[in-house]
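Q: The structure is given below, and queries will be raised subsequently.
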Amino acid sequence: MQRTMLKSKLHRATVTHSELHYEGSCAIDESLLEAANIHEYEQIQIYNVSNGERFTTYAIRAARGSGVISVNGAAAHKANPGDLVIIATYATYNELEMARYAPELVYVDAANAIVDTRQTIPVQAA
């Protein structure tokens with residue numbers, strides 16, 4: 001059996017740029033890509049916490065340490081500078097891989113600097 005699972009997440013990143021007239025993608029600070037195990041040109045899902053938009057694009061590299069999260073091309077209509085977003089990737093795992101499965105969860109501050117990394121999400125209470 002194959003299962004599609006969360007592979008990685010950048011939690012509550014702040015959009016720094018929104019470039020409509022740019023080749024479509026989302027530029028992400030290279031240090032954030034590495035911390036979250038997101039590869040350049042990998043498909044990403046973006047969930048805009050500020051306006052509820054959800055969309056798919058791909059990741060490209062921004063300068064290391066820049067804090068850049070730039071939503072580009074048509075997706076720029078769905079995110080503005082200052083918006084909070086969750087950026088997620090998913091992968092398919094077989095039963096043997098599931099025994100070792102753990103997502104890469106990266107938490108950032110308002111400047112998109114890493115403040116925490118985890119491999120589990122705490123139990124949520126209503």
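Just so it is clear, glycine is given a Cβ too, placed from its N, Cα and C backbone atoms.
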Q: Suppose a student reads Swiss-Prot and sees Gly73, Ala74, Ala75 listed for substrate. Which of Thr57, Thr89 should they find annotated at that same site?
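A: Swiss-Prot names Thr57 for this substrate site.
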Q: List the Cα distance (Å, whole number) between Ala74 (substrate binding site) and Ser25 (pyruvic acid (Ser)).
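A: Just about 9 Å between their Cα atoms.
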Q: I'd like to confirm something. Which of the recorded positions, Ser25, Gly73, Ala75, has a Cα closest to the Cα of Tyr58 (active site, proton donor)?
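A: Sorting the recorded positions by distance from Tyr58 (active site, proton donor), the top entry is Ser25.
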